[in-house]
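Per TrEMBL, the feature transmembrane segment maps to 185-205, 212-230, 268-289, 309-333, 406-433, 454-476, 488-505, 554-575, 596-616.
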Amino acid sequence: AWVHGDPRKVIYPTDSYGQFCGQRDTFNENKTILFYFNILKCASPVVLINLQCPTTQLCVSKCPDRFATYTDVQASYRYRPDQWNYFRQFCKPGFNNPRKSVAQVLRDEDCPSMIVPSRPFLKRCFPDFSTKNGVLTVANQTTFKDGRGKTRNVTDLREAANGINIVLDARSVGMKIFEDYAISWYWILIGLFIAMMLSLLFLVLLRFTAGVLFWIFIFGVIGIIGYGIWHCYWEYDHLKGIPGSDLTVYDIGFQTDFKVYLQLRQTWLAFMIILCGVEVIIILMLIFLRNRIRIAIALLKEGSRAIGYIMSTLFYPIVTFLLIAICISYWAVTAVFLATSGEPVYKVMANQTLCKYANLTCDLETFNTTNVTKLCPGAQCTFAFYGGESLYHKYIFIFQLANAFVFLWLVNFAIALGQCTLAGAFASYYWAYRKPADIPLWPLFSSFGRAIRYHTGSLAFGALIIAIVQLIRVILEYLDHKLKGTQNSFTRFLLGCLKCCFWLLEKFLKFVNRNAYIMIAIYGKNFCTSAKEAFYLLMRNVVRVAVLDKVTDFLLFLGKILVAGGVGVLAFFFFTQRIPVFAQEVPMLNYYWVPLLTVIVGSYLVAHGFFSVYAMCVDTLFLCFCEDLERNDGSTAKPYFMSASLHRILGKKKLSPKKA
């Protein structure tokens, strides 16, 4: 890609001769804008941007600023040469023969038949559309001469105008959004800093409030379901004796109005039975899983304590972010080089619709020596697009897939490196017999060094497995997009099943890989051995895994909502000038929701970054805890490494006295 690619094809527009507009040290150096001879031939702005408009395209230094036709300019060039000199800059380079007949000029497309006031957008000349009293105009005119003897209405360009106006309006909105960012960026940074401090505070408080938050939520759910049971019974008893309420759902059949079912006692009885079942299940789960829930909460508290001793881990997501940013940049640059590695392709453009050579490829250098111009007067060999017929160009799509695969592999490797590094740091905390005295110096940096020096191959292999599955999912999505128009229901069903299966497979493999990296960080074994040992260890503690996973997910989700919601509410009151103390400090904004949404989304991402470290900490401590239970028995010879609070919950042997 880097040998054949040419990003200038994206940066610069290309004229009908395959030359770049505005490229330095060329004839078009000062001609940076692309001009279309007959924009009426262009169906939509999309066609224009894709450079496939069937009309001559030239590089110009500026767009036309007036209405003019070649016929009028030719008739007046003797006594008004300035008009011809102005019009001539939009003709083919070197053409300076106003005596040539209009029919021949238009046939050979030496000059455009007419020019209209335009303005540059995306380095291309588009008509300067505007609306006046709800009427579409160009330079305050609703009609113009097309240079072929007809007076046309501006509405002939409506299809192009609608698309262009949407794009221009989007540009206007974009400029306003940019202005809002320019004058409120420091307040956004303050909001994100507050989000960071709230995230840290939440992680610290989890050491003391994890159990309280969880039990408040559980008893709240039990209370809400209990109220639902009472309400269902009240409705059931209230409908007693009302005519028609004793009918069954089977009697009334299917009804589009759901309220009909609410008039039946049977409906409320069914609701009450379902809620009673859910209530009983929750209560029984709490009774039988109470000890595992206590262990999960204790591990959450232990995770908060571990992060307190290794605070540097909270900022490791910045390293992962930078590595992923490098991967994205590499993929994007390579993709652009691949996409621009084609050679210029020229095609015959004929004014006559019956020309058999129209749209066929041609050679720009030898075109004038062929008989095409004789059979199709006015036909030209013009630039169409970038492509090629060589073996390399035929397989560019495959190369793009390979580039996407490399991108997925590198991103998953960066994530794996972060997980292994954090796991090693938190494992060094758990296996420290005397905490924090036995925690090694700089545990995060030591773990990062071990991961790079000893475990690169294992991490790359784990990332490779995930990347292969993700690439298959990308291909399935591509096939699904291509086959959307087909009516083959079996094909759509099969693709849906495959997409679902590979989605589940990716989720399962990510779960296995995550725990495999933890075992790699602890024991230093290869990926396959670590994955197998981690999987069997988790299966032997499957109930604990399920309970811990759900408890952790709930508390971290609650934390993200609290941080993003709290900072969002504060930002809303600030940017809408509802805080009297800061009313004079609020910048004047076009859209107050721009910094508001940025603060909310940014706060959620900040919280997610901190809490992902916390989740990795809890997962690592849990695997260490399970391994500790299987390897040790609490005796003097094999003492537990777990904290005293975890040991008390287990209710096993007493902790052996810690050695000095």
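Just so you know, glycine gets a Cβ as well, placed from its N, Cα and C.
Note that TrEMBL annotation is computational and uncurated.
Same-chain residues lying 6+ beyond the ends of the transmembrane segment (596-616) with a Cβ under 8 Å from its Cβ atoms: 181, 188, 191-192, 194-196, 198-200, 202-203, 206, 303-304, 307, 313-314, 316-317, 321, 419, 422-423, 426, 514, 552, 556, 559-560, 563-564, 567-568, 571-572, 575.
Stretch with the largest number of CB pairs closer than 8 A to the transmembrane segment (309-333), among 185-205, 212-230, 406-433: 406-433. Packing against the transmembrane segment (212-230) from elsewhere in the chain are residues 271-272, 275-276, 278-279, 282-283, 286, 293, 297, 551, 554-555, 558: each is 6 or more residues past its ends and has a CB under 8 Å from a CB in it.
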